[in-house]
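*Asks:* Have a look at this one before I ask anything.
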Amino acid sequence: MPAIAIIGAQWGDEGKGKATDLLGTSVDYVVKFNGGNNAGHTVVITDASGHTEKYALHLLPSGILTPGCTPVIGNGVVVDLAVLFEELDALEQRGVDVSRLRISANAHVIADYNRTLDKVTERFLGSRRIGTTGRGIGPTYADKMNRIGIRVQDIFDEKILTQKVEGVLDLKNQVLTKIYNRRAATVEATVEELLAFADRLRPMVCDTGLLLNQALDRGETVLLEAGQATLLDVDHGTYPFVTSSSATAGGACTGSGIPPRRLEQVIGIVKAYTTRVGEGPFPTELHDDAGEHLRKVGAEFGTTTGRPRRCGWYDAVIARYAARVNGVTDFVLTKLDVLTGLEQVPVCVAYDVGGVRHDEMPVNQTDFHHAVPIYEYLPGWWEDISGARTLADLPANAQAYVKAVEEMSGARISAVGVGPSRDATVAIHDLI
């Protein structure tokens, strides 16, 4: 069986968790391959009696909620161990079996000095800040690239861990004390903080690349879920307003240890409108009642930070870009229900940059900052669509919206989200 990647095709918060969880019933492994606890996803589960449970996850793969599925944290993830066990304990208290979790021995670990540096750097930058979550993600990835990072496997050898922490703090404390006027971090406190997790962590840790490739050899299905999204990818996003990891289909391979030839399907997740958290360009952003409507009805507040998300109309230009960068085979269009009640729904089909039409995303970020959306206006609908389960169940104008977005976005739409619950989905094509 193949490996399948689920990728955010906008600026994040597209509903990847719900899509992953829906597919998780048909797969054997769900893998988080990038990022850390800087992004969150909410999964809503309704049991046979109609009782609804909402789960907010930040670090764990959403497959943790699917019985019989093995959730995996891959080598491309940076792990805050305190957050990891907070999430595991919270799920265990609600009756979720968390013993299935597997974690790569090569994943990097967020230390307290990484969190401190993240926060003080953002404050130091002031108006030039990136808009990070302050959770130490960027500094931990920087340590990884600089070859001074702490990996999960290091926590099981106190001597090696101490040597590594001593080496990294020689550098970090120079920055903390002499540039930011902060207190120096100590080797003893840092080592103690990390060693405290060793016994609980040990049974979960393995060579996850080997684990996943052996699963594929046995004919099992592996689902790779991205944190963040294409437009936040460190290489292909709106740099420098990006995350510090690879959030594209290419990153799915490097962050999991699965070779590219085994990745047969790439599912791009797009909202029926667009949102963004933090700084950076956003051509279709709304600053009026329409934007407030999307934010209120769509409950657009960050799972991780609680920050209000910036809201705007659907941008087919960035969807086409994401389809090209990732090789998207299928789109899942989420939150179509949020558009219910609007008289007309604009869709951005191109940009005007200095009087010149751009049908593709400008490679020059200055041009992208100055891009003015060119809209096509589609008729809205008033009917409640939350009970729709087939395309024919949708009102004619909602069907027309889905078809128009599909034609503009560069890949077929195979499913449409029409509500927050797990089963509130219109199936158009089989995803597996």
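Each residue, glycine too, has its Cβ placed from N, Cα and C.
Got these off Swiss-Prot a minute ago, pasting:
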- 12-18, 40-42, ARG309, 335-337, 417-419: GTP binding site (BINDING)
- ASP13, GLY40: Mg(2+) binding site (BINDING)
- ASP13, GLU14, GLY15, LYS16, ASN38, ALA39, GLY40, HIS41, THR133, ARG147, GLN228, THR243, ARG307: IMP binding site (BINDING)
- ASP13: active site, proton acceptor (ACT_SITE)
- HIS41: active site, proton donor (ACT_SITE)
- THR303, THR304, THR305, GLY306, ARG307, PRO308, ARG309: substrate binding site (BINDING)
*Asks:* Between the Cα atoms of ARG307 (IMP binding site) and VAL418 (GTP binding site), find the distance and write it as a whole number of Å.
*Replies:* 24
*Asks:* Between ARG309 (substrate binding site) and GLN228 (IMP binding site), how far is it from one CA atom to the other, in Å?
*Replies:* 14
*Asks:* I need the CA-to-CA distance for GLY306 (substrate binding site) versus GLY12 (GTP binding site), whole Å please.
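*Replies:* Each residue's Cα considered, GLY306 (substrate binding site) and GLY12 (GTP binding site) end up 14 Å apart.
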*Asks:* Could you measure between ASP13 (Mg(2+) binding site) and GLN228 (IMP binding site) for me? Cα positions, answer in whole angstrom.
*Replies:* 7
*Asks:* Tell me, which binding-site residues from GLY12, PRO308, LEU336, VAL418 are within 10 Å of GLN228 (IMP binding site) if we use the C-alpha atoms?
*Replies:* GLY12
